[in-house]
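Feature annotations, reproduced from Swiss-Prot:
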- 32-214: domain 'BPL/LPL catalytic' (DOMAIN)
- Arg71, Gly72, Gly73, Gln74, Ile75, Thr76, Tyr77, His78, Ser143, Leu144, Gly145, Gly156, Leu157, Ala158: substrate binding site (BINDING)
- Lys140: site 'Lowers pKa of active site Cys' (SITE)
- Cys174: active site, acyl-thioester intermediate (ACT_SITE)
Amino acid sequence: MTDTTLIIRQLGIQDYQQVWQQMREFTDTRNALTPDEIWLVQHPAVFTQGQAGKPEHLLNPTDIPVVQSDRGGQITYHGLGQQIMYVLIDIKRHKANGSELNVRQLVTALEQSVVSTLADYGIKSYPKADAPGVYVNEQKICSLGLRIRKGCSFHGLALNINMDLSPFRQINPCGYIGLEMCQMADFIPTEQAQCDKVAPKLVTHFTQLLGYNDVTTY
């Protein structure tokens, strides 16, 4: 197995905690020959707190469940119409094979994949050095959080495509007071702002940046 082999799994709509458990199990049981994987999924409405999450950033508790996660970062919201891309990558294997991939470079690749995808739709976006994620006109369109275990990554990014953004008003997104969120549907026609249309472009940009050339999709 080489670090250019990748499996993409299209998981549809699944419960956050179920997929989170599967990511942990995958990471704990993988070995040096396990191919890297990308999981594409949407989650029903849920707030997730990162490891550094502070309770005060949940402003108005509602019937939306709150899950304490093991990813980096603060609180965020997941809901239908948001494309999640989880990246299960053996960073240490990439390093051993000379690609010099580290966590910072993985974060940069994730952000750049989103910037390139949005550019495909004529949306100008940018990352921020002091606040991981991707922004359009100072509004956040993509959140990012990773966990590294045994030299391998899991969790990933959440790109707002065509969703109900109102639950974000119940939190300080990613721990930033007053941060406004946006989505692709704010800038392009609804028929273009669809997860099944955007996800392939996102994956293509990411796989090209990391040099995967043996890609299988399930």
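In case you wondered, yes, glycine gets a Cβ from its N, Cα and C as well.
Annotated features, which come from Swiss-Prot, shown on the structure.
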| residue | record | CB count, 10 Å |
| --- | --- | --- |
| Arg71 | substrate binding site | 21 |
| Gly73 | substrate binding site | 21 |
| Ile75 | substrate binding site | 27 |
| Tyr77 | substrate binding site | 25 |
| Lys140 | site 'Lowers pKa of active site Cys' | 23 |
| Ser143 | substrate binding site | 27 |
| Gly145 | substrate binding site | 23 |
| Leu157 | substrate binding site | 24 |
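In this structure the C-alpha atoms belonging to Ile75 (substrate binding site) and Lys140 (site 'Lowers pKa of active site Cys') are separated by 14 Å.
Put simply, the two farthest-apart Cα atoms among Arg71, Gly72, Gly73, Gln74, Ile75, Thr76, Tyr77, His78, Ser143, Leu144, Gly145, Gly156, Leu157, Ala158, the recorded binders of substrate, are 15 Å from each other. Calculated from their C-alpha atoms, the gap between Tyr77 (substrate binding site) and Lys140 (site 'Lowers pKa of active site Cys') amounts to 12 Å. Here Lys140 (site 'Lowers pKa of active site Cys') is compared against the binding-site residues Arg71, Gly73, Leu157, and the shortest C-alpha distance is to Leu157. In the three-state DSSP classification, Arg71 (substrate binding site) falls within coil.
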